[in-house]
Each structure stands twice: as C-alpha cells, then as structure tokens.
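S.K.: Not my notes, these are from Swiss-Prot:
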type	residues	note
BINDING	G81, N112	anthranilate 1 binding site
BINDING	G81, 84-85, 91-94, 109-117, S121	5-phospho-alpha-D-ribose 1-diphosphate binding site
BINDING	S93, E227	Mg(2+) 1 binding site
BINDING	R167	anthranilate 2 binding site
BINDING	D226, E227	Mg(2+) 2 binding site
Amino acid sequence: MNIKEALNRIVAQLDLTTEEMQAVMREIMTGQCTDAQIGAFLMGMRMKSETIDEIVGAASVMRELAAPVVIDAERLVDTCGTGGDGMNIFNVSTAAAFVVAAAGGKVAKHGNRAVSGKSGSADLLEAAGVYLGLKPEQVARCVESVGVGFMFAPSHHGAMKHAIGPRRELGLRTIFNMLGPMTNPAGARHQVIGVFSQALCRPMAEVLQRLGSEHVLVVHAQDGLDEISLAAPTFVAELKDGKVSEYRIQPEDFAIKSQSLIGLTVDNAEQSLELIRDALGRRKTENGQKAADMIVLNAGAALYAADHASSLREGVQLAHDALHTGLAREKLEELVSLTAVFKQENEG
C-alpha cells in the first residue's frame, strides 16, 4: 500500500492493517512522500483515531530504522510523555529521571524539543548545559557512570527528518507523539509513559505488550495532565507479567497532599529549569516544594516500573528519600560535566 491509497482509506474512515501501516511508514520515513501528503495522513489518522494495529505497525518501522544505543544495564527504564496535553507544566518526567538515578536506577531518557508545548526534554537539558550531540556509545557511558543518558530523538531517528516540517507546521499532536515513547533507541523495556488522553492508556499498554515491553505504566490524570498529577486522580494502565491492569491513584495514597498546579506552569525551558533546580535542591519556594512532590510521584512510578520497588508505594518512598539527599541535583550536574567532555571529544 502507498500513501495515496492509505489516504483514500482514511478519508472513508477505514482502518489500516499492521502490514499496510508499515508500508506507508516506510514510504514516509524514506522520503518518498510530499509534505502535503504527510500532513494529510497525520491529520486523517488523528481524525479517524489510530488503532492498535496501526500504532504497532508504525512503531515497528521506527524501531527498525533507528540508530541503536547498546547499554549494558538490567532493568533500563525510560520516563517520557507523548506531550500534547496543552498544560505547559514543567518537565516532570525529565526531572524524575535524575531522582531515579539518585535511587540507583538506570535511565535511558528518550526525548525531543517541544512541538506543541513550551519546553521539551531536549530544550530543558540544553538550557541546563547538557550537550545533545552525543554518539550512541557516549549515551551508554552516561547511563553507566551517571545513571542517566539522554537520547536526542533526531540523532537516533534520522528518518524522522522527512516528517519534521509537516509536524511543525501542523503544531498539533499526531501519531508521532505516541510513537516517540515507544521507540526508545536503547530498547528500554521498563517505562512510565504519560499520554494526552485516558482513552489511550490501555491501547498504549497493549501496543507495548505486542512490542515486547516487560513492565510499563501508562498514565493520564483526570485534570488532563500527561503525568501522575499532584492535583487530581491519575488513571493507570499497567503492563506487568504479560497482562494489562487498570486502576486509579491519587497523591494521598502515598502520604502526599493534593495541591493545585498553580505555580507549576512554565513559558519556556529556562523557567522549567529554575523550578526543577529548586525542587531538586533546597526547595526554597512553595512552588519548589510542590514540584518536588510531583517529581517524587513520577520518579516513584519509574522505580516501580524498573522493578527497583515491589510496589508503587515503595517506589514513591524510595524516590522521596533519594530527592531529599540532594543527590538528584548532583546527577544533573554530573551529566552536564560528562557531556561537556564528550562535546570536546566530538568537536576536537
């Protein structure tokens, strides 16, 4: 199937099979489609709603074409979201990665610049001084020595360059928002993934089940956030032991007080970084303490997904203890320092 045939199917509100989606994605990712065709395809898929078969097909092609990162670490975990929730909250999952590392976890963080939001994970880390142009083996060394390595999506998904223009011009969430968290170049099989709609939680978990993931929590908060929220109950679809279960959690389940998100929104990466540094440091402001609580909730989920904790409650306690040692902030500075060395190596 080619993209023109696929567009005719989508206009008629007909779904594609996994194999048909793979064929179309290969056309897109190898530069055989025009920007207009790609834009129409992305919007058509969104209006129709993507099926599990379609997402599996698209993700499998992206994985196939990705530049891999080989990391010698057990229970490698990724913390990321689809983006597109429109909430403009600080970079919770990126901050959580450093808390996970401080607690002894190994994080292969996969991310990009903001597409529809104010601050993507790459924007935040760059603002902090992290060098993004790492080679695969340098990412592996970051994970092994610091506990966190960042894989800048464009460096590992070169074929994505063909869709960057249409995505940016649309400025809306598309199937690619869903694919990012499912195409970790290091092959992390343990993840916490925030999604922009509760309706996506179970389908995403089922897609990851088919793609071979081991322990994943897909989350969406009642207030619309694609993170575990401090302000509202959060719906969770958990993939564990080959089965998907669904449940709701709230901050009080972990002895954390529910609070509003006021003060946690940002307009740019620099504001996000300032809030995160306060949260991971001495928490001198009320907003810094709130941000810390939210980071702990999400880092705790990641420690549980990585099987460093036997329950969510235990994971949150481990995250709380790790954050309050100050080691998480040190991990951020360690990553900045190590990537600066790699930058010198790469640029001579």
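The backbone N, Cα and C atoms fix where each Cβ goes, glycine too.
Can you walk me through where each of these features ends up in the structure?
M.R.: Spatially close to G81 (anthranilate 1 binding site) yet at least six residues away along the chain are S93, P181, I193, G194, V195, D226, E227, judged by Cβ distances under 8 angstroms.
Under the DSSP three-state reduction, R167 (anthranilate 2 binding site) is assigned to helix.
Just so you know, the Cβ of D226 (Mg(2+) 2 binding site) picks up 30 other Cβ atoms within 10 Å once every protein chain is counted.
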S.K.: Could you state the CA-to-CA distance between A114 (5-phospho-alpha-D-ribose 1-diphosphate binding site) and R167 (anthranilate 2 binding site) to the nearest Å?
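M.R.: That comes out at 11 Å between the alpha carbons.
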S.K.: Under a three-state reduction of DSSP output, how is G111 (5-phospho-alpha-D-ribose 1-diphosphate binding site) classified: helix, strand, or coil?
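M.R.: In three-state terms, G111 (5-phospho-alpha-D-ribose 1-diphosphate binding site) counts as strand.
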S.K.: To the nearest Å, how far is the Cα of N91 (5-phospho-alpha-D-ribose 1-diphosphate binding site) from the Cα of N112 (anthranilate 1 binding site)?
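M.R.: Pair distance, Cα basis, whole Å: 12 Å.
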